[in-house]
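Worksheet for the structure shown next.
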Amino acid sequence: MLSLTPVLTVSYEAKISFLFLSAMEFAVGILANAFIVLVNVWDVVKKQPLNNCDIALLCLSITRLFLQGLLLLDAIQLACFQQMKDPLSHNYQAILTLWMIANQVSLWLAACLSLLYCSKIVRFSHTFPLHVASWVSRRFLQMLLVVLLLSCICTALCLWDFFCRSHSTVTSLLHLNSTEFSLQIAKLNFFYSFIFCNVGSVPPSLAFLVSSGVLVISLGSHMRTMKSQTSSSGDPSLEAHIRAIIFLISFFCFYVVSFCAALISIPLLMLWHNKGGVMICIGMMAACPSGHAAILISGNAKLRRAIETMLFWFQSRQKVRPVHKVPPRTL
């Protein structure tokens with residue numbers, strides 16, 4: 001007969017600290033991603049055309065806003081409502097499923113950005129890569145629409161799988177009297193849903209890794225050319241290579257950390273019932289979107305100019321603010 005794993009609870013102070021940290025990560029992520037969205041939306045309001053990179057960043061930041069909200073809900077659910085004797089409640093499974101979908105959409109958009117950087121920066125010498133790079137540059141908006149359509153299809157499939165497995169789990173619970181066996185069925189169903197939802201991440205992961213690898217190889221070739229020609233260090237092509245690679249490597253690192261934290265949280269939740277370990281994993285997952293948004297802002301000239309304009313406006317408002325002096329009394 002199966003035996004239940006001992007439940008590892010956390011103290012009230014740990015829950016309060018976790019909620020405070022989650023709220024701080026949520027605030028930073030919302031501010032950073034909302035700033036990217038507002039800057040680009042303001043350009044649209046002023047009827048200034050957005051380039052392909054701005055459109056992709058706008059879509060990515062909107063996805064990140066949704067992602068940050070889900071992670072905050074996940075933290076509140078875990079700290080306040082989650083009973084570790086029943087770790088796979090329907091609400092918790094729904095939040096994690098939506099997080100997997102939003103994370104997959106952000107990966108698709110990052111793959112599109114990686115392909116765009118590759119087509120704009122890398123100087124190809126063969127015919128086929130030249131045609132592919134030209135097609136990506138000319139048809140980027142159509143490619144983005146196809147990616148969003150594929151994301152919608154993956155979302156529908158993941159939600160269909162989630163609701164079907166939830167229905168089968170409820171049905172098995174009604175027909176079985178063994179609580180332990182019912183928990184095992186719920187764990188298996190959620191594990192299969194996790195695998196099914198992440199299968200759609202394979203194509204964008206491959207596209208992201210291939211285009212990023214091409215950029216790294218191109219950077220190495222460009223640096224060797226610069227050394228042989230003794231070029232100056234202010235080469236714009238070199239700077240474009242470095243900015244693109246910083247964006248891609250940072251996204252890849254944050255994505256791997258987030259995915260590994262989500263992967264580790266599953267056995268912590270289902271097998272060991274360790275709420276403290278799951279809290280650490282969720283804190284790491286919530287830090288990734290906000291951290292990458294900060295890197296995006298620091299590496300984008302348009303967003304940096306917007307921050308400088310805002311700071312200048314605040315400083316000028318402080319200087320212009322009149323000082324009210326009390327008039328002297330007359331006898």
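Positions of Cβ are set from backbone N, Cα and C atoms, glycine also.
Swiss-Prot assigns Tyr12 and Ser218 to topological domains with different names, so the membrane separates them in that record. Confidence over the topological domain 'Cytoplasmic' (39-55), given as mean pLDDT on the 0 to 100 scale, stands at 94. Note: the stretches the transmembrane segment (95-115) and the transmembrane segment (18-38) are not in contact (fewer than 3 CB pairs below 8 A, sequence gap of 6 or more). If you look at the transmembrane segment (190-210), the same-chain residues 6 or more away from its ends with a CB under 8 A from one of its CBs are 88, 93, 96-97, 100-101, 103-104, 107-108, 110-111, 114-115, 150, 154, 157-158, 161-162, 165, 248, 252, 266, 270.
Broken down with DSSP, the topological domain 'Cytoplasmic' (39-55) shows 11 helix, 0 strand, 6 coil.
Tertiary proximity for the transmembrane segment (18-38) is limited to same-chain residues at least six positions away from its ends with a CB under 8 Å from its CB atoms, namely 10, 57-58, 61-62, 64-65, 68-69, 71-72, 75-76, 79-80, 279, 282-283, 286-287, 289-290, 293-294, 296-297, 303, 306-307. Nonlocal intrachain contacts for the transmembrane segment (277-297), taken as residues 6+ away from its ends with a CB within less than 8 angstroms of a stretch CB, comprise 8, 10, 14, 18, 21-22, 25-26, 28-29, 32-33, 35-36, 57, 61, 64, 67-68, 71-72, 74-75, 78-79, 99, 106, 246-247, 250-251, 254-255, 257-258, 261-262, 264-265, 268-269, 303-304, 307. Tertiary proximity for the topological domain 'Cytoplasmic' (116-142) is limited to same-chain residues at least six positions away from its ends with a CB under 8 Å from its CB atoms, namely 52-53, 55-56, 211-212, 214-215, 218, 237, 240-241, 244, 247-248.
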